[in-house]
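Worksheet for the structure shown next.
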Ligand code: HEC
């Protein structure tokens, strides 16, 4: 009986934690598109095929403008790429290096290298993008509220502005971008890439896949972290049971 007053608030807190924030308004109060992401939830794991496809979309489309400074090629091993595949992927890029006499040269990237950025510096990136700076995408899904749904929605959000909405020269209308005017031109349209695994590359498919890839880059240890949390949870439940049994026995002995 005594347990109830404490038990109720704890139960309530647990229920509230479990109810993740639902649709959230972005920009001008527009509800984001939502999707159930396989890696979310207490036991969720990355859909490796989707993340690999997303890497292809990033490589072939987004990398023209956006860097991924935190990604080393070897990090992709977690997606199931073999050593040979990683070497081949890395070899597709050039990184700055020094020759034996200390002169700057370029060499083929190796799996331990980080993915080279498309522009040498922010000024060059702005100059090539009409003054807009394409942000590094390594942490973008963590940096934005409801980041997965946001990035996914943003890639769908291009189109004609509503009547009366002015789009300044050089910008593009996107209904999910705060303010509605974005310096990024629409990057994805149906059939933009030819997927290596034969999946139909609809805009929706590519948007979902590249979002999952960006989540993997931002949280490569997500699965390990969940497993640790699960183990700690099981331990706590067992431990609480033992303590309860012990308490009962102690009080029984006293009465
Ligand atoms: C032609 C260059 C270009 C390409 C290609 C491109 N982007 Fe962008 N992107 C930009 C620019 C420029 C901005 C900055 C927009 C601004 O601040 O107005 C941006 C901004 C973004 C943002 C941040 C939005 C925010 O809330 O600040 C995300 C996310 C994004 N791009 C994702 C992508 C993805 C994913 C791809 C590939 C499918 C991609 N971009 C392809 C130029 C590009």
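Every residue, even glycine, has its Cβ placed from backbone N, Cα and C.
Keep in mind that what you see is a predicted model, and the values were worked out from it rather than measured.
Per TrEMBL, the feature signal peptide maps to 1-25. Residues or ranges marked as domain 'Cytochrome c' by TrEMBL: 49-155. Annotation comment: TrEMBL describes 62, 65, 66, 184 as heme c binding site. Summarising the annotation, TrEMBL assigns transmembrane segment to 227-246.
Sequence-remote contacts of a segment are chain residues at least 6 beyond its ends whose Cβ falls under 8 Å from one of its Cβ atoms, and for the transmembrane segment (227-246) they are 42-43. In three-state terms derived from DSSP, residue 66 (heme c binding site) belongs to neither a helical nor a strand segment and is classed as coil. Secondary structure of the domain 'Cytochrome c' (49-155), assigned with DSSP and counted as helix (H, G, I), strand (E, B) and coil, comes to 51 helix, 12 strand, 44 coil. Of the chain residues outside the heme c site list 62, 65, 66, 184, 61, 63, 64, 134, 137, 187 have their Cβ within 8 Å of the site's Cβ mean position. The 10 Å shell around the Cβ of residue 65 (heme c binding site) contains 20 further Cβ atoms across the protein chains shown. Among 62, 65, 66, 184, the residues given in the record as binding heme c, the maximal Cα to Cα distance rounds to 11 Å.
Per-residue confidence over the domain 'Cytochrome c' (49-155) averages 95 (mean pLDDT, predicted model).
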